[in-house]
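The structure appears right after this line, and notes come after that.
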């Protein structure tokens, strides 16, 4: 496969690169920051792009936070942003359910396995749900649960969809409910299927480690609404009415970010080396995807201003 | 593939069948009982076999109970038995660890994701462990957990093995610990990898729905110690010094019981139709395994007595 153009230190090439696009989609962790540490020059780089009339959109697979909560994180990190620029997998899932799935009564409720970010986005789209952070699902199984889940008397007949995301409060009770709803024909969605979740410079169980259990039990695979799923790209295109040919995806992971942009037939993809993937990854024969451009770090684009 | 011989109602064939074997391995749920209901004639059938000098061994993948607890279940159901006849996946795992893995200090501890059955069997084999039913692992993540699991300060440096079984108290904290131990080189074992767990005439999440999450996170597959894994057959053979050619596996599931016997090159396999699999399953082109014999129900063997 063709190898990417290396832009770091090449001001004319950077200027030409920027001119090719109207919209930049950014992955966050590993691109703008790592954990709680913002990379140097990120704020100025975003400023430069905006000053040249570019639209900046932040695309994250983390479904534990709503867009409003993400906005707060941007503010805490000193990165100026707007809620309309933020596109998370919880929001992506909510609009997929409300605008594409269009669940109709009597099967219009969602059983949520996940955190408050999903609940807030479902509410913002007017989607009914149960489960989620409801304390009545955060407990041990009782003999009544075994019986009532098995015979269906404890199940909500209105559930037509199971939506799984990252759930720090996962337990046997929630898995048992989700499993039964799927056996009884509920649609299966996942905010994203990342196997791990980066935190504190290490990895923890990701949203995909919950959905894979249900796939193993039922044989059903979820429709995933996060990167690299094109359902998320379609949702972004629908919301922002962007021209794919004039859009560039910026990210640190080949198997989510760069693949997301390549499969979405965007005009370009830019890899940064401040996160998971390294140059050797796209040079490998079995590379998940190869970016069109790369820089050592996002702020290398600032050379365009000089 | 050759189709099985149907024994129901054919007394001479049943007598010839019984005469071919010295040892009968029995799956329990779906063969002897369903839930809390013992099938009619089971006690008499076991009596008949024993009266003809046959050894009966009960082989179960359920790791939540120890052999002693299983013995109690047999007693409650009115089935005479002896602890030495019972072979569960928790016991199978314990003897695999103590006699084959032989973990040596300083990495000789097991991190257990599972219930008390595993703990009792590990103790009976003198294997050190942490996790399991310890209440300090039955809680929510704290900020200290995120930090200490990530940097390793909260991990036990003595852990050399992660053993997963069915855990009705599964949570994010346990999954995070197990994941980190595996990333740091711990061996990965599973009592069994059944995707579901039969209960109350329905299905619930099985032990395999826990191990599959860790496989998804780490890319590592566990050594499974339950049916149809031949590690379990080797352990049974080692303990009972049985002659495989004179041993018959009796079960209701093609993909665990019958496959277990076929792969173990036992002299025979007998399917019963009182559980999961039906005749159509082994008649299918892609059958997991085909039994050598089948009966409608275990007590059909009683015709031999007449």
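Numbering starts at 1 and runs along the chain as displayed.
In case you wondered, yes, glycine gets a Cβ from its N, Cα and C as well.
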TrEMBL annotation, Mg(2+) site containing B:27, B:29 - matching residue among B:194, B:234, B:243, B:252: B:252
Residues that sit under 8 angstroms from residue B:227 (substrate binding site) by C-beta distance, when 6+ apart in the chain: B:27, B:59, B:61, B:89, B:192, B:251, B:256, B:257, B:259, B:260
Other same-chain residues whose Cβ falls within 8 Å of the Cβ centroid of B:27, B:29, B:252, the recorded Mg(2+) site, in sequence order: B:28, B:30, B:31, B:32, B:251, B:253, B:257, B:272, B:275, B:276
Fewest other C-beta atoms within 10 angstroms, as judged across B:27, B:29, B:252, which are the recorded positions: B:29
Cα distance (Å, whole number) from residue B:252 (Mg(2+) binding site) to residue B:29 (active site, proton donor): 8
